[in-house]
Amino acid sequence: MSPKLVVIGNGMAAGRVLEHLTDDAPEAYQITVFGAEPRVNYNRILLSPVLSGEKTFDEIVTHDDAWYAARSIDLLKGKEIVAIDRAAKTVQAKDGSVTPYDKLLVATGSLPFIVPVPGKDLPGVVAYRDLDDVNTMLAAAQHGGSAVVVGGGLLGLEAAAGLKMRGMDVTVLHLMPTLMERQLDPAAGHLLKKAMEARGIRVITKANTHAIVGDGKVEAVRLDDGTEIPADIVVMAVGIRPNSGLAKAAGLEVGRGLKVDDHMVTSDPDVLAVGECAEHRGQCYGLVAPLFEMAKVVAAQLNGDTSAAYTGSVTSTKLKVTGVDLFSAGDFAEGEDREEIVLRDAARGIYKRLVLQDDRIIGAVMYGETADGGWFLDLLRKATCIADMRDTLIFGQGYVGGAALDPMAAVAALPDEAEICGCNGVCKGKITSTITAKGLTTLDGVRAHTKASASCGSCTGLVEQLMSLTLGDQFNRAAVQPMCACTELGHDDVRRLIIAKDLKTIPAVMQELEWKTSCGCAKCRPALNYYLLAAWPGEYVDDNQSRFINERVHANIQKDGTYSVVPRMWGGITNPRELRAIADVADKFAIPTVKVTGGQRIDLLGVKKQDLPAVWADLNAAGMVSGHAYGKALRTVKTCVGTDWCRFGTQDSTGLGIRIEKFMWGSWTPAKVKMAVSGCPRNCAEATCKDVGVICVDSGYDIHFAGAAGLDIKGTEVLTHVDTEDEALAVIVALTQLYREQARYLERIYKWTKRVGIESIRAAVVDDLERRQALFDRFVYSQKFAQVDPWAERVAGAEAHEFRPMAHFEPREAAE
Ligand SMILES: Cc1cc2nc3c(=O)[nH]c(=O)nc-3n(C[C@H](O)[C@H](O)[C@H](O)COP(=O)(O)OP(=O)(O)OC[C@H]3O[C@@H](n4cnc5c(N)ncnc54)[C@H](O)[C@@H]3O)c2cc1C
Ligand code: SF4
Ligand code: SF4
């Protein structure tokens with residue numbers, strides 16, 4: 001009699017083991033298979049095409065009843081094993097029946113993770129794991145209605161696409177900022193989101209599910225921010241965990257999964273494990289490729305070949321949503337010892353990125369064109385040295401050994417009727433013939449005569465290449481200083497294109513403007529974060545990680561690693577209550593230095609990072625908010641005592657300073673902004689070396705701007721004279737808004753003024769009243785979202801991870 005093999009679980013891994021085992025040695029075992037599902041073995045990964053209607057269940061069956069019968073395998077469908085008795089070498093099914101074994105194979109797969117929120121057990125909440133789940137979804141989809149999928153990973157997106165194809169109104173909720181973040185980087189995640197949205201699927205990222213609501217059945221999903229999304233069905237697709245409880249109860253060694261050695265044997269020599277339930281060298285897998293490799297080893301092992309060993313797998317991911325091509329493999333996190341090669345083609349929605357270490361591929365992400373995925377995976381698995389093919393590597397296997405692509409040759413090869421400017425429908429022939437006919441030598445000339453590159457401007461590079469081809473040395477490309485090494489574009493083009501192309505996230509900017517790196521650098525990220533904040537107030541969510549350390553922690557780092565804290569003192573005015581609170585804070589937190597700054601504020605120096613939230617809490621309690629002494633923002637409005645106290649005062653300079661500061665605080669600007677108001681031309685508040693200064697005179701207010709008193713020293717320019725305080729505020733606000741909209745990141749007002757010219761600024765905020773009002777209104781609108789005390793937010797728990805003790809080495813900036 002051959003020995004008895006009992007298999008628990010009849011999923012993909014078990015199915016593959018049985019194939020190998022019965023092919024190699026049909027008589028070796030008497031096999032009994034227990035499957036909790038009431039059906040034969042099927043290809044689980046094709047459940048999504050069944051859901052979407054692209055396949056039927058019969059088409060995804062791998063082994064039908066006849067297959068088991070032909071191999072004399074006793075398949076017990078719908079029979080769940082509830083206990084293993086290793087001493088007696090038996091298994092017990094839920095119906096009480098006991099079956100003996102000589103060898104036992106555990107292949108119980110995974111269990112879907114259900115987010116533990118209120119309402120998770122309501123009828124209508126379903127996981128996505130087996131055919132029953134698909135049938136529940138299909139039943140719900142029969143009536144149309146709304147579906148919410150919690151989880152924007154592989155399973156969630158496949159479920160969403162399937163339900164959409166079945167006619168449901170689908171929303172995907174994803175906790176992280178980009179979709180499939182474990183397999184894709186933000187750029188590819190952005191393209192994927194766009195593709196899902198193009199299918200009519202709503203995607204909400206950074207969405208934290210708070211509760212599932214409904215009376216007797218699912219009715220809606222409530223997010224942390226209170227938003228409720230109607231739902232007739234909720235699909236939970238947030239992850240899986242190895243189904244190893246049965247093994248654990250039997251006393252087998254279990255970590256995250258059931259632990260196996262390289263021969264797939266558990267801590268009991270007669271018990272083997274395979275598939276997602278197994279943990280091998282600390283790793284559990286959730287894709288089929290590794291399971292199939294494991295299955296070969298298990299079959300060999302059961303057939304007595306102890307030399308077969310499983311040593312782990314490098315996995316790759318594809319998404320089975322028709323029309324979405326993505327591929328990812330390996331490790332694509334950034335790292336100092338890593339390099340990357342990035343290729344983006346915004347027009348075709350293509351993004352490819354290879355991560356290299358020591359001239360070897362260690363990670364690959366591709367979107368839009370994935371034909372070379374298998375080749376990259378092979379190079380990765382074999383750790384092939386790619387030094388010799390590096391120049392053409394990213395273009396794929398077809399280019400190996402060829403020369404690097406010459407972009408000029410590609411443009412030269414375009415036919416005359418090839419469209420260059422999509423916005424204005426201008427083709428290559430029109431551009432080259434106009435250049436020659438009109439003797440054009442500048443980009444502006446071509447724009448004026450052909451309209452090419454005159455709208456969104458994304459074809460500017462192509463137009464310039466055509467000019468080079470047509471004019472040769474005669475063409476002098478306007479010297480644009482690129483923002484950084486990640487792009488050819490200068491700050492102004494990036495700002496313009498953010499608006500023209502409606503770009504609302506950093507990954508969107510990087511993909512659509514064809515960034516040369518995957519995630520940008522320390523120069524472009526903070527700039528993009530500011531440009532997006534300025535362009536889309538209320539819509540763009542500030543990316544804290546794109547800010548410098550001082551802005552991340554809302555305090556100024558000092559040379560010993562401690563911080564300085566400067567509470568806001570409106571117009572430089574304080575009172576005994578505030579001073580007492582400051583003194584108490586200094587005592588309580590043993591703050592070594594308390595100093596008066598040049599901007600009429602009090603600076604608490606030497607605060608430990610981990611004490612910051614508590615220090616702010618105490619200052620908040622006394623009514624003080626952040627002074628933004630660390631920020632590219634309005635810092636201080638210095639004032640003199642004016643008519644309140646001074647014999648020479650002509651106007652209420654203190655009142656105006658406080659009014660300006662209360663109106664404008666919190667607003668992010670390209671660089672720091674310092675202001676001052678002096679009550680008479682004696683100018684005790686030093687207003688004539690500030691970014692914006694007001695000198696009060698008997699007849700009203702002289703408004704100055706573009707001064708500097710730092711690395712550069714420069715007296716202000718006079719912008720205009722106004723009669724009233726209201727008008728002074730209106731001009732200052734409009735000026736600041738114009739600066740916010742036009743200046744390059746880190747460009748102070750005096751530098752911006754020098755670049756654009758005083759006259760253009762005066763025309764916008766003094767002469768053109770309508771434009772002044774529009775600028776004013778846009779500033780006021782953006783303040784609705786900006787005037788939030790960042791200290792209070794952090795006291796309430798925001799960004800808590802920042803305030804755990806840790807060393808930081810980043811540029812420092814003085815507080816004032
Ligand atoms: C919708 C979907 C799409 C997927 N797409 C892909 C893809 O594109 N690419 C990819 O690589 N992977 C994909 N996967 C993952 C892939 O299906 C799994 O990695 C694979 O099925 C795991 O095989 P397994 O045998 O370990 O577990 P399973 O296939 O889950 O089989 C385990 C079986 O054991 C049964 N069982 C559990 N406990 C008991 C018990 N006590 N008694 C009896 N029976 C029991 C379960 O009912 C189940 O039938 C997808 C998964 C799903 C759900
Ligand atoms: S600037 Fe003029 S009003 Fe103000 S304190 Fe000095 S002298 Fe007085
Ligand atoms: S930056 Fe220079 S001037 Fe400013 S506080 Fe530091 S040392 Fe002093």
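Cβ atoms here come from the backbone N, Cα and C positions, even for glycine.
Cys684 ([4Fe-4S] cluster binding site) carries neither a helix nor a strand DSSP state and counts as coil. Here Cys684 ([4Fe-4S] cluster binding site) comes close to Cys640, Cys646, Ser678: these same-chain residues lie at least six apart in sequence, with C-beta atoms under 8 angstroms from its C-beta. Taken from TrEMBL, the feature [4Fe-4S] cluster binding site applies to Cys640, Cys646, Cys680, Cys684.
What TrEMBL lists as siroheme binding site is Cys684.
The feature domain 'FAD/NAD(P)-binding' is assigned by TrEMBL to 4-281.
Under the heading domain 'BFD-like [2Fe-2S]-binding', TrEMBL lists 420-467 (among others). Averaged over the domain 'BFD-like [2Fe-2S]-binding' (420-467), the predicted model has a pLDDT of 83.
Residue counts for the domain 'BFD-like [2Fe-2S]-binding' (483-532) under DSSP (helix as H, G, I; strand as E, B; rest coil) come to 26 helix, 0 strand, 24 coil. Residues annotated as domain 'BFD-like [2Fe-2S]-binding' in TrEMBL: 483-532 (among others).
Here TrEMBL flags 631-771 as domain 'Nitrite/sulphite reductase 4Fe-4S'.
Counting residues per DSSP class in helix, strand and coil order gives 27 helix, 4 strand, 17 coil for the domain 'BFD-like [2Fe-2S]-binding' (420-467). For the binding-site residues Cys640, Cys646, Cys680, the greatest number of Cβ atoms within 10 Å around a candidate Cβ is found at Cys640. Counting Cβ pairs under 8 Å to the domain 'FAD/NAD(P)-binding' (4-281), the stretch among 420-467, 483-532, 631-771 with the most such contacts is 483-532. The Cβ centroid of Cys640, Cys646, Cys680, Cys684 marks the [4Fe-4S] cluster site; residues of that chain outside this set whose Cβ lies within 8 Å of it are Val641, Gly642, Phe648, Gly649, Ser653, Ser678, Gly679, Arg682, Asn683, Ala685, given in sequence order.
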